[in-house]
Amino acid sequence: MTVRRVGIVGCGQLAQMMAQEGRPLGIAFSFLAEGDENTGCVEGLGTIVHAREGSDMEALYRAMGSPEVITAEREQVSVELLRALEQFCPVYPRPDAFEKTQHRVREKTAITAAGLPVSPFVPANNYDEICAAVEKLGYPAFIKSCENGYDGKNQWRVDSDEALAAIRDEVLAQQDEQEYVVEQGVNFSREVSLIGARTADGNVVTYPLAENDHYRGTLLVSTAPAPHVDEELQRTAQEYLSTLMNEWDYVGVLAMECFVSEDGLLINELAPRVHNSGHWTLAGAETSQFENHIRAILGMPLGDTSAERPAVMINMLGVDKEPSQPNEGVWLYGKSLRPGRKMGHVILLDDSQEALAARIDTMLAELYGETRRPA
Ligand SMILES: Nc1ncnc2c1ncn2[C@@H]1O[C@H](COP(=O)(O)OP(=O)(O)O)[C@@H](O)[C@H]1O
Ligand SMILES: [Mg+2]
């Protein structure tokens, strides 16, 4: 039997976990590093190839072992590079999906074009346009740069004229070509996310919704299934995600972050990849999101997404020591330690949400001390 080979653009922890979960299926991996990207996370998991400006594409593809399909571990990947690689094999998710989701206005426009709800938004290209948009939408408003935003970076929440005036210099200090989106602040009761996978022939699976708690814009805790979710919310989320995946002829895992608000479920943003709020599936679901992503892009039957017991995933932000509290799995990515950096995660499983709640608190205390929050 010939070995099936998958190429991954990117060398971080998401690539690491895709390979760790795909290798038991007999699949071989290679990794494409862009520029001077750090490759520590994927060392030992397959061939690592470096793409530089002007690299010969065919030579790169061959050096990657001529994979049968190429995927990417991050959203901010060069679409041009993905399109160039598409000459040699399918690239899933399709480059079009990256192009849409890399840019907040394009993303929101695509979501509304599919008939799905987002918070009211106005594109803005400079400080004056930002002010006009805030005037129209009211306070609180979120101002986000269209590109290169993640973990709450490159965005501001403003709730008064003073706060808006205070960001003026910061906005003006950025390159004048910067594009922004101004969003109406959503009064949400909680944030949830749905992860699904789709194959090229249209099979779709989705996981139970996860509820996400962020700290300073970065995910800290995901609980799945999200506590007290009624069937209707789960069904609505599934319909949204399937609609998007079918409309885009999407292949692979797609993650959808949502607000649960008085006006119902609103889509906040999408990620065309495996997602931090799905890491709980490594121990908590029959098939992990990483395995299902690999299955989806290779056209293999998708695995069971059900979860037998409630699960929680706690991010290890700026800490990388193995916790001593009982747990159902610790993943350390092997990255060098920096404050706030995603160093690993720990998963807890229990018989009830109540039993989990007490254990989350103890685990947060062990990882972060009295405040239960990262430094
Ligand atoms: N329109 C909004 N209304 C209320 N909260 C928001 C809004 N936009 C963002 N947030 C808050 O900021 C967090 C980060 O914003 P998000 O758009 O998800 O950016 P990132 O790409 O950095 O994750 C969200 O998880 C949410 O808590
Ligand atoms: Mg987000």
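Backbone N, Cα and C define each Cβ position, glycine as well.
Per TrEMBL, ATP is bound by Arg104, Glu183, Gln184, Gly185, Val186, Glu191, His214, Asn268, Glu269; the candidate from Lys136, Lys144, Lys153 named for the same site is Lys144. Least packed by the Cβ count within 10 Å, out of the binding-site residues Glu183, Glu191, is Glu191. Here the Cβ of Asn268 (ATP binding site) has 19 other Cβ atoms within 10 Å, regardless of which shown protein chain they belong to. Counting Cβ atoms from all protein chains shown, Arg104 (ATP binding site) has 21 others lying within 10 Å of its own Cβ.
For the ATP site, whose binding residues are given in the record as Arg104, Lys144, Glu183, Gln184, Gly185, Val186, Glu191, His214, Asn268, Glu269, the maximum C-alpha distance rounds to 20 Å.
Taken in sequence order, the binding-site residues Arg104, Glu183, Gly185 that lie near ligand 1, meaning a CB under 6 Å from one of its atoms, are Glu183, Gly185. DSSP assigns Arg104 (ATP binding site) to a helix.
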